[in-house]
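**Q** Shown below is the structure under consideration.
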Amino acid sequence: MGEELKTLKRTCMCGGLTEANIGDKITVMGWVQRKRNLGGLVFVDLRDRTGILQIVFGEAINKEAFEKSDSVKSEYCIAAVGTIVKRESPNMEIPTGMVELKGEYIKIFSESETPPIYIKENLDAAENIRLKYRYLDLRRPDMQRIFMLRHKTAKVIRDFLDEQGFLEIETPILGKSTPEGARDYLVPSRNYKGKYYALPQSPQLFKQLLMVSGYDRYFQIAKCFRDEDLRANRQPEFTQVDMEISFVDQEEVMDLNERLIQRVFKQILDVDVKLPIERMTYKTAMDKYGSDKPDLRFGMEINDISEVVKGVDFKVFQNALENGGSVRAIKVTGSAALGRKQLDKLVEFVKTYGASGLIWMAYKKEGIKCSISKFLTEEDTQNILNKMEAAEGDLILIVADKNKVVFESLGALRIHMAKQTGILEGNNDFKFVWITEFPLLSYNEEENRYQAEHHPFVMPMDEDIQYLESNPEKVRAKAYDIVLNGEELGGGSIRIHDTKLQEKMFGAIGISKDTAWNKFGYFLEALKFGPPPHGGLAYGFDRMIMFLAGTDNIKDVIAFPKNQNAFCPLTEAPNSVDKSQLKDLGIEVK
């Protein structure tokens, strides 16, 4: 039976005690990291979320406390009272290593069974075990640092936005289902049988309604939900830093947000982000990097060599160019020595992105080796090398296909080769870039209709509105993403604030006027009552914390995450429910 706290009060945390505290009488509380009995002395390392403090109990100090201390084991929850003294054998690996607590009293609040995982840094344990015993996993110092960092980051963001005149306003969790994009999580209504609420994928329409309501500057650290197949670093529930601003243009939104980014990275990591952050159009990003999320920490840019090879008698090149595609290449410096097996693996790699194949050209000391050498004249080969500015030791990798396939395959290959060659090892740079002028729409061949690239409420660029009905693919959006080291950190846009233009936008993506009013009538109605020009942005807060904490696993930055199957090993959710509960909801499971 554990002891009660009663009148005992904790006076300080473990991790902040130094030589300046020598002579202080203190009370600390926490968990036993380990215990060592050296005969006449018992040493206990006590841990709380701030760090570890060594406590020494001895017969000569207090016999009762000494005897009681010998009964504790790892992860017992205890309190200790005593005096801070200088440590005879300092431990320079911990901040409190110059001092220790001379233990005069001990209270055992609760005992612990042997933990199924070690409470230590850099734990190497199966993920499902960590998630099943998450409350133990969260005791580990590296995990606790992450959640203290997460708290501090949220505070920095709140403080900055408060300084800028923003109001933090909560929007509903139970909302209306609008089946566009990812699947909604649905919540059946007891009062309205056969009808459902939807959990929000974002606060998009509510924050726009707040602009119509005259609140000018809104923000929220919002929980969002998407019932989608989980890829790496996706969770069914996640957190956004969401904001919306009235009477602004795109540059004003971007300017405010890069100042927010600068503040966060300075206060959390002491990293100076130089402003203004580089701007790059979507077209430039795709042409040079094959991605709308380019990693600018290294070069290896994509080059269009279509003009150089248009006269080459090689059917793959000819077919690509005749069908409106292109021939493009990347140069991998110092990789000409790659063996045939490695090159064959690269061929298979690009095929996973839809490419029909990969042509390689290795500039070796003994000459040029090429996978299509029999189709190239010496002049053809030299023209390609000149266009790529290749030198001895370089490897040229070429894809010829439809532009979409070329960009996706070479963009992915560029990242793959950067990892394979190790050029990013030890690179701790933070390379930000704004991507702008996205396509407003893209064509979905499966559904035989256009769909919104971001969402249906994005304002087209002024000069492109005229093409919305006649040539939709030509229309660019007033949209902007902030990208960091090849990952989207956040994204936003200027919004449509005109009912007729919003109806026209719905029409462009195959939503009739009647359907639009049925799904979004409350919003379209609001646009009739003097909506201001407005725009906003949302950050993936979990992803932001991943960057700041230096982890590549989203589960590390969420206290109680789901696994890859959207299942919680800790609570075993989702679970079956009583038939009586289903009956109340008018639901029958067959």
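Note that Cβ sites are derived from N, Cα and C of the backbone, with glycine treated the same way.
I grabbed these lines from Swiss-Prot:
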BINDING   GLU180, ARG226, HIS454, ARG495  L-aspartate binding site
BINDING   ARG226, ASP227, GLU228, GLN235, GLU488, GLY540, PHE541, ASP542, ARG543  ATP binding site
REGION    204-207  region 'Aspartate'
**Q** I'd like the per-state residue tally for the region 'Aspartate' (204-207) from DSSP, helix first, then strand, then coil.
**A** 4 helix, 0 strand, 0 coil
**Q** Max CA to CA distance in Å over the ATP-binding set ARG226, ASP227, GLU228, GLN235, GLU488, GLY540, PHE541, ASP542, ARG543?
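**A** Between the most distant Cα atoms of the ATP site, 20 Å.
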**Q** Whole-number Å only: compute the distance from the Cα of ARG495 (L-aspartate binding site) to the Cα of GLU488 (ATP binding site).
**A** 20
**Q** Counting every protein chain present, what is the number of Cβ atoms, excluding its own, within 10 Å of the Cβ of PHE541 (ATP binding site)?
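**A** A 10 Å sphere around the Cβ of PHE541 (ATP binding site) contains 25 other Cβ atoms.
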**Q** I'm trying to understand the geometry here, so how far is the Cα atom of GLU228 (ATP binding site) from the Cα atom of HIS454 (L-aspartate binding site), in Å to the nearest whole number?
**A** 16
**Q** Sorry to bug you, but what's the C-alpha spacing from HIS454 (L-aspartate binding site) to ARG543 (ATP binding site), rounded to the closest Å?
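**A** Checking the Cα atoms of ARG543 (ATP binding site) and HIS454 (L-aspartate binding site) gives a distance of 19 Å.
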**Q** Name the secondary structure element type, per DSSP in three states, that contains ARG495 (L-aspartate binding site).
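**A** SS state of ARG495 (L-aspartate binding site) = strand.
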**Q** Between the Cα atoms of HIS454 (L-aspartate binding site) and GLU488 (ATP binding site), find the distance and write it as a whole number of Å.
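**A** Between the alpha carbons of HIS454 (L-aspartate binding site) and GLU488 (ATP binding site) there are 13 Å.
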**Q** Using a 10 Å cut-off, grab the number of neighbouring Cβ atoms around the Cβ of GLU488 (ATP binding site), all chains included.
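**A** So the Cβ neighbour count for GLU488 (ATP binding site) comes to 15.
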**Q** Quick check for the class: what is the C-alpha distance, in angstrom and rounded, between GLU488 (ATP binding site) and ARG226 (L-aspartate binding site)?
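**A** With the alpha carbons as reference points, the distance is 17 Å.
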**Q** Should GLU488 (ATP binding site) be counted as helix, strand, or coil on the basis of DSSP?
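**A** Note: GLU488 (ATP binding site) is in a strand by DSSP.
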**Q** Count the other Cβ atoms sitting within 10 Å of the Cβ of ARG226 (L-aspartate binding site), across every protein chain shown.
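**A** If we count other Cβ atoms within 10 Å of ARG226 (L-aspartate binding site), we arrive at 19.
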